[in-house]
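Notes for the one structure printed next.
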Amino acid sequence: MYVLGIESTAHTIGVGIVNERAEVLANEMHTYVPKEGGIHPREAARHHAEWGPRLVKRALEVAGLRPEDLDAVAYSAGPGLGPCLRTGAVMARALAAFYEKPLVPVNHSLAHIEIARAVTGFSKPVAIYVSGGSTIISAPAIKRYRVYGETLDIGLGNLLDTFAREVGIGPPFVKGGVHVVELCSEGAEEPADLPYTVQGVDLSFSGLLTAALRAWKKEDKKKVCYGLWETAYDMVVEVGERALAHSKLKEVVLVGGVAGSKRLQRKVALMSEERGVSFKPIPYELARDNGAMIAWTGLLYYKHGFTVAPEEAFVRQRWRLDEVEVPWL
């Protein structure tokens, strides 16, 4: 069984192909980088429309398949930026209609977790999902995921990127796989003292961002960068640990674009070791936004009979993880 997945929720257009053994046969992607400021949704959508067909062709070539060999086509239906979501959905509808393949809409947040479960072999992990727009702590429940906690304002990635943009050290925000805020902190002996806001299993980053921007103007810049990522990562690990305590689960996964941070991985690994739970980092190419995770989650839905007709395909800019039915849980 082969499923092709299209990811287009934000700045990355990705096309992946997987089989029923969760083997990633292709995982092609291209990222839109704005000339200034944050993501411009319509510009990003134009980028996706330009690169999407190329990536579909390349993914099929890498996998050694023809479109006729596919069993289904999956696409990220939300949450995300409207113009970007619609671009990916149009591509998926066109492929499914032309080649007469079943079409499967997939929740982007769920896909991050499911590819991590497949890679790690974990059955019921607490999932720490950290990306540009999201920071969510969840775990499997009955036929859906339970959200234990989340950001009350901006996502962790948004915090780091906005700070870097405002102080002039980015874009690009990631160099050699390391965020520029982490790179900026190298050489600092201690972190700047910045506010730490955790409320139960929820957390807030906006106050931390404001304080860091103020500190940048009057304190050692390396210390400010150190304080920013150190504080933010500690907050995330704390709420993850609380979710483990509440759920009594023994596994944890780290997913999303910020999951590629080695420093954050080390903090989660240390917490996991102290609690006696299992943690395995997953490859960055599968932790970030990518088509393979959409393909794999689409395959799971396809096996459970969840498909839509091309004319009934939908996108949802707002689509909470805990609203999604997950029949295989």
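Each residue's number is its place along the chain shown, starting with 1.
Backbone N, Cα and C define each Cβ position, glycine as well.
Quick caveat, the model's predicted, so the values are computed rather than measured.
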- Task: Select one of Tyr75, Tyr129, Tyr145, Tyr302: the residue that Swiss-Prot places in the Fe cation site alongside His108, His112, Asp289.
- Result: Tyr129
- Query: Going by C-alpha positions, which of the binding-site residues (Asp161, Glu182, Ser261) is nearest Tyr129 (Fe cation binding site)?
  - Reply: Ser261
- Note on the structure: Apart from the site residues His108, His112, Tyr129, Asp289, the 8 Å Cβ neighbourhood of the Fe cation centroid comprises Thr9, Ser109, Ala111, Ile113, Ser131, Ser134, Val255, Gly256, Gly257, Met293
- Note on the structure: By the 10 Å Cβ-neighbour count, the most surrounded of the binding-site residues His108, His112 is His112
- Task: Looking only at C-alpha atoms, tell me how far Gly132 (substrate binding site) is from Asp289 (Fe cation binding site), rounded to the nearest Å.
- Result: 10
